[in-house]
Amino acid sequence: MAVPNGSPNPVSWDHDRDHNSPELSDKSEQEPKLKDFDIEGQGRRGSHHNVTALDASSTTESIGRQIEMESENTIKYRTCSWQKTAALLFSEYICLAIMSFPWSYSILGLVPGLILTVVIAGIVLYTSLITWRFCLRHPEVRDVCDIGQYLFWDSKIAWWATAVMFLLNNTFIQGLHCVVGAEYLNTMSNGAVCTVVFSLVVAIISWCFSLPRTFSTLSKVATLSAFFTFISVVLAAVFASVEDHPAGYSAAQGEPIVLVIPAKGTSFVKGMNAFLNISYTFIGQITLPSFIAEMKEPRDFWKSVTAVTIAEIIVFSVVGAVTYNYVGNQYMVAPAFGSIGDDVFKKVSFSFMIPTIIFLGVLYASVSARFIFFRLFEGTRHKGNNTVVGWAAWGGILAALWLAAFIIAEVIPFFSDLLSIMSALFDSFFGFIFWGTAYIRMRAEDHGPRFFMVRGIRGWLGFIFNVFLILVGFFFLGPGTYAAVMSVVTSYADGTVGGVFTCASNAL
């Protein structure tokens, strides 16, 4: 990373500064190694106007030199195999948000809901592979903020804007897990303690689990998190199918109603929120550059993301459809644990979700913390060694992130609307706009600005599809944000949620 010592500023892609930058003169002993990253204008220090694809040998050499540079450090970062990376992805995607799918299907109808599930999964896999290809071209990229600067004209403003969205997205996800953690504790204790206290307890516990500094270490816990989440959602679907009636059942409302298509009169706000809930669960490309940056062999990343996508489609569709089929429209809540009528069934299935309630927030906190930490301590011994300053800074950064997450959890204390807001504001860029733009930039670099004409029908199809992805992103950002905000306003107006920093129980 060619960032000035102790500076959080974005990197420069200006090749003319390669041999005159102040950071190199300050670290003359590192100069030969740092120069090795500048392979024919490929690195973050290269000109973005003249970039061609790295061949396999150049990529391997660049990554090998990064590993060599940290070989004497106590803490080593490029240590993840594709299996460990897959574990991180499973923990990211096989998560509590799965239990929003039954609610989404109840709004959209079963058939449109299942179709959207498969379509969104396919689009996210496609854009994830674009992300991967981009990172192979630039093996020195450490996170999505570097990519944001590159994609948008080497602009420092783009880097800072991406950084703000990156940190907000991750902190919102941490906040979501504070909300759900409080829901769990209220459900288990029947609201024995103020909800604000429960939320704070979850934040403190999560801070403790966030302290490990490498993804390789976190991957061990990630496997358990994904496994227990799978058990949890399967149990929820089974319990919903075997009990006599869902929670809230009454003879007046009748047996569960299951719709193949949306109910007549479904509002745009509800429909859009259901769509955003599904999208949020799939879209996680924001973390991929960070994961790839810590892989020993990034070329194997496609194995990780493909395996996870196949599992997602199966688990999300089956759990969502089965649970919806037995709960119906009248009795559906999000997350769907609240729709299980038997209190023991509800608590047992929800309890298996404990690892992911804690770990997924931990994972995003770790991604954010290393983003800040690396820029503060790049080129110093604190980054790769066990120093008091390094660990104090790491713990302090995490504490600030979890404090912000706790505040978000208390200001927006409801599950589905918080998912929708995050999806509209951040997934618009990190799920669609960035990667449609990345595809166009890479093809233009390889074949010129008129690549869609040079490459024939394949070029036209790729160009049109990726422009479509960019437009989808702006649809998320515009109408999607409107729908999410209006849903929050409606929830407060209807009194269906508690107030800000409320002690009222949010038990399921």
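Cβ atoms are placed via backbone N, Cα and C, with glycine included.
TrEMBL lists 1-10 with the feature compositional bias 'Polar residues'. For 1-59, the entry in TrEMBL reads region 'Disordered'. Per TrEMBL, compositional bias 'Basic and acidic residues' is recorded for 13-43. Annotation comment: TrEMBL describes 79-473 as domain 'Amino acid transporter transmembrane'. What TrEMBL records for 86-108, 114-136, 157-176, 188-209, 221-242, 274-293, 305-328, 348-367, 388-412, 418-440, 460-478 is transmembrane segment.
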- Would you mind listing the long-range same-chain contacts of the transmembrane segment (460-478), meaning Cβ under 8 Å and 6+ residues beyond its ends? 123, 127, 276, 279, 423-425, 427-429, 431-433, 435-437, 439-440, 443, 451-453
- Message: With Cβ-Cβ distances below 8 Å as the criterion, list the same-chain residues six or more beyond the ends of the transmembrane segment (274-293) that contact it, or say none.
- Response: 77-78, 80, 85, 88-89, 92-93, 95, 97-98, 100-101, 103-105, 107-108, 113, 116-117, 120-121, 124, 127-128, 131-132, 135, 141-144, 146-147, 166, 169-170, 215, 301, 305, 312, 316, 334, 363-364, 367, 370-371, 416, 419-420, 422-424, 426-427, 430-431, 434-435, 476, 480, 483-484
- If one takes Cβ-Cβ under 8 Å and requires six or more residues beyond its ends, the residues near the transmembrane segment (221-242) are 87-88, 90-91, 94-96, 98-99, 209, 315, 318-319, 322-323, 325-327, 336-337, 339-340, 342, 345-346, 348-356, 359-360, 362-363
- Message: Within this structure, do the transmembrane segment (86-108) and the transmembrane segment (348-367) have 3 or more Cβ pairs under 8 angstroms, counting pairs 6 or more apart in sequence?
- Response: yes
- Task: Sort out the residues at least 6 away from either end of the transmembrane segment (388-412), same chain, that have Cβ-Cβ distances under 8 Å to it, and list them.
- Result: 170-172, 174-179, 182, 196, 199-200, 203-204, 206-207, 210-211, 213, 361, 365, 368-369, 372-373, 376-377, 381-382, 418, 421, 488, 500-502
- Candidates 86-108, 114-136, 418-440; stretch with most C-beta pairs under 8 Å toward the transmembrane segment (305-328): 86-108
